[in-house]
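Take a look at the structure set out below.
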Amino acid sequence: MIRILVVEDELASRKFLSHMMESYGQCDSAINGIEAVTMFEESIIKGEKYDLICMDIMMPEMDGQEALKKIREIENKHSILPKDESRVIMTTALSDPKTVIEAYYKGGATHYLVKPITLEKLNSIMSEIGLGV
């Protein structure tokens, strides 16, 4: 069973995505990038690294792009090889090319999911990244 971290500031979206992810594995949630980074580093220290992070891009305090950058720095600090890095699906209501480029190339996201999120979209992406049921 994989370990999943859902990072979303909106309660309804967080609960909805967490519920959809439960069929794939154990799901924890964070309300912003700061909490996500803390939970991620704690998971590595405990030897229970998250296999997948589903993270909203636009959040208060620390957005998803900045959080992803810090998560990749933590993986590097703990000598996690690129092949063993957590897969990251960035979620957002924005579908403009600039946001997509930043998510993939600057942040190191594995995939990008435009809201509204449906089970069909999620299942397709999970299969593409090798975590399908």
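Cβ coordinates are placed from backbone N, Cα and C, and glycine is handled just like the others.
Look at TrEMBL and you will find 3-130 tagged as domain 'Response regulatory'. Residues of the domain 'Response regulatory' (3-130) grouped by DSSP class, helix first, strand second and coil last, total 61 helix, 26 strand, 41 coil.
A simple way to gauge crowding: the CB of Asp56 (4-aspartylphosphate) has 25 other CB atoms within 10 angstroms, across all the protein chains here. Taken from TrEMBL, the feature 4-aspartylphosphate covers Asp56.
Mean per-residue pLDDT, taken over the domain 'Response regulatory' (3-130), amounts to 91.
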